[in-house]
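One structure is given below, encoded as C-alpha cells.
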Amino acid sequence: MESTEDEFYTICLNLTAEDPSFGNCNYTTDFENGELLEKVVSRVVPIFFGFIGIVGLVGNALVVLVVAANPGMRSTTNLLIINLAVADLLFVIFCVPFTATDYVMPRWPFGDWWCKVVQYFIVVTAHASVYTLVLMSLDRFMAVVHPIASMSIRTEKNALLAIACIWVVILTTAIPVGICHGEREYSYFNRNHSSCVFLEERGYSKLGFQMSFFLSSYVIPLALISVLYMCMLTRLWKSAPGGRVSAESRRGRKKVTRMVVVVVVVFAVCWCPIQIILLVKALNKYHITYFTVTAQIVSHVLAYMNSCVNPVLYAFLSENFRVAFRKVMYCPPPYNDGFSGRPQATKTTRTGNGNSCHDIV
C-alpha cells in the first residue's frame with residue numbers, strides 16, 4: 001500500500017488532472033491530516049463503491065425479473081420502471097468500478113478508447129434514468145388528470161415507443177462526449193501518471209460541457225417534472241369526490257403517484273451535491289484540500305447510491321411489487337393461461353386470498 005502522502009498525492013493529481021500545472025496540489029502543506037485521507041481512500045472508496053455495485057446489480061436485476069416474469073404487471077408504469085432499472089444497471093456497470101479505480105490508482109489502466117466508452121455511457125445512462133423519470137411523471141399526469149381520455153394513449157405499445165425514442169435521442173446526442181474525453185499522460189516529480197479526462201487542450205470547452213450536462217441532466221428534467229406534478233396537485237385539489245372514477249381506482253393511482261414522487265425526490269437529493277461540485281470545478285473555483293476530496297467522494301457515493309436505492313423504494317412503497325417478488329421467489333413459472341396474448345390494464349385485481357401465482361396486483 002502507498003504511504004499516506006502518496007495516497008493523497010495520487011488522488012490530488014487525479015482530481016486536478018485537467019490542469020497541467022497542478023496548481024491546486026500543494027505537496028508540502030496538504031498532508032497535515034494524512035490519517036483521514038488514508039481512511040477515506042483505502043477504506044471508504046472500496047467498501048462503499050463495492051456495496052453500491054453489488055446492491056445496484058442485484059436490486060435492479062430483480063426489478064427486471066419480477067416485472068418481466070409476471071404478465072399481470074406489464075403496465076405502462078411498470079415498463080418504465082423496467083427501463084429505469086436497466087438504465088441504473090448500465091450506470092452501475094459503466095460508472096462505479098471505473099470511478100473507484102480513478103480514485104485509488106495513479107494511472108488510468110484501461111486505455112484511451114475505453115476512457116471514451118466509459119465517459120460516453122456515464123452520460124447516456126444518467127440521462128436515460130432522469131428522462132425515464134420524466135416519462136413516469138407524464139404517465140402519472142395523464143392517469144390522474146385525464147384518466148378516461150388517456151386510456152387509449154397509455155398503452156404498452158406507446159410506452160415502448162417512448163422508451164425507444166429517448167434511448168435513440170440520448171445515444172445520438174451524447175456522441176460528442178466520447179470525442180472530447182480521452183486518456184492524458186503526464187509526469188510530476190519524476191512519476192508517470194495518466195487520467196481519463198476532458199480534453200480541454202483540444203479546444204473543447206469544459207465549462208460549456210459541464211453547464212450542458214447540469215442543465216440537460218438535472219435542471220430541465222426536474223423542471224418538467226415539477227410542472228407536471230403542480231398540474232396534478234391543482235387537479236386533485238379541484239376535483240370533487242365521486243365521478244366516473246371509482247374510489248378504489250383513485251386510491252390506486254394515488255399510491256403509484258406517491259411512489260413516483262418519492263423516486264423523483266430521492267433522485268434530486270442524491271444528484272444535487274455532485275452536480276454542484278462538478279460545476280464548481282468547471283468554473284475553476286475548486287481547491288484541493290482534505291475536506292473537498294472527502295466531499296467529492298461522499299458526493300459520488302451519494303449520486304451512485306441513487307442507482308441502487310430505487311428497488312428498495314419499490315419494496316417499501318409498493319405492495320404489488322412485494323407480492324410479485326414473493327411469487328417469483330416461491331412460485332413455479334406460470335403456464336400459458338392466455339395472459340401473454342391479451343393487453344393488460346394498468347392494475348390487475350388479486351383474486352381469492354392472494355395465493356395465486358398467476359394474477360398480480
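Glycine is treated like the rest: Cβ placed from N, Cα and C.
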From C12, C25, C196, partner that Swiss-Prot gives for the disulfide involving C115: C196
Per Swiss-Prot, P71 shares membrane side with G182: no
CB contact flag for the transmembrane segment (79-99) and the transmembrane segment (213-233), at least three pairs under 8 A: no
Inter-residue C-alpha distance, C115 (disulfide bond) and N192 (N-linked glycosylation site) (nearest angstrom): 18
Residues that sit under 8 angstroms from N192 (N-linked glycosylation site) by C-beta distance, when 6+ apart in the chain: R107, E185, Y186
Around the Cβ of C115 (disulfide bond), the count of other Cβ atoms that are within 10 Å: 23
DSSP three-state assignment (helix, strand or coil) for C115 (disulfide bond): helix
Predicted model, mean pLDDT over the topological domain 'Extracellular' (180-212): 83
